[in-house]
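Record features (Swiss-Prot):
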type     : residues : note
ACT_SITE : C87      : active site, nucleophile
ACT_SITE : H195     : active site
ACT_SITE : E197     : active site
DOMAIN   : 4-223    : domain 'Glutamine amidotransferase type-1'
Amino acid sequence: MSAKIGVITFPGTLDDVDALRAVRIAGAEPVNLWHADEDLRGVDAVVVPGGFSYGDYLRTGAISALAPVMQSVIEAAGRGMPVLGICNGFQILTEARLLPGALTRNQGLHFHCVDTHLEVVNTDTAWTGTLEQGQKILVPAKHGEGRFQAEPDTIRMLEEEGRVVFRYTDNFNGSINGIAGITNETGRVVGLMPHPEHAVETLTGPSVDGLELFLSAIGTIAA
């Protein structure tokens, strides 16, 4: 049986269909999960995709973090289920306290839509096992509130414990230490602002580098 990877849809989610397609291209079974679901439908991993869930009211990701499906995701993550938060999904994971820090307005207060090179810093996670440390991958980024910030002690902890997963090579949004993605203490929960699901086909993306995250998750599930 192929791995089952769920992708959550919230009101205002934009990239759920792309994430479902990426899961399918990688060879797993995509499962659509609705924000009001309490049952994760037997999935082996979850993707929290990008968009503007609930219109970004209050704070980006703040309302979505309280949705019924996220309570189930929090419990599943506690049991070791791989979870990937992309863009707004990363914001949701920080609001749900599955990952530390916060994503704030970009430096210069501009919305950026760019293809960006990321340095792979940590390959010891559920979502980066097929990548190589130091490898550069090319994926799209599109956000207005993607500047990663945290207290100095938290930044120190992330760096010292090797929990920075991706780093911008150009740091266009002003994130502290160029941090583009991080993981939790187990390496099973990963969040990043750029969009790997938009880099899985040569016809539609700048590369196919993003496919490796989904292939890594499939390998993790099979292990």
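Even glycines carry a Cβ here, placed using N, Cα and C.
Around E197 (active site), a 10 Å sphere centred on its CB holds 29 further CB atoms from the protein chains shown. Of all Cβ atoms in the shown protein chains, 29 besides its own fall within 10 Å of the Cβ of the residue listed as 'active site, nucleophile'. Note on H195 (active site): other Cβ atoms within 10 Å of its Cβ, all shown chains, come to 26. Across the structure, H195 (active site) and C87 (active site, nucleophile) are spaced 7 Å apart at their Cα atoms. Cα spacing between E197 (active site) and C87 (active site, nucleophile): 11 Å, rounded to the nearest whole number. Residues belonging to the domain 'Glutamine amidotransferase type-1' (4-223) score a mean pLDDT of 96 in the model.
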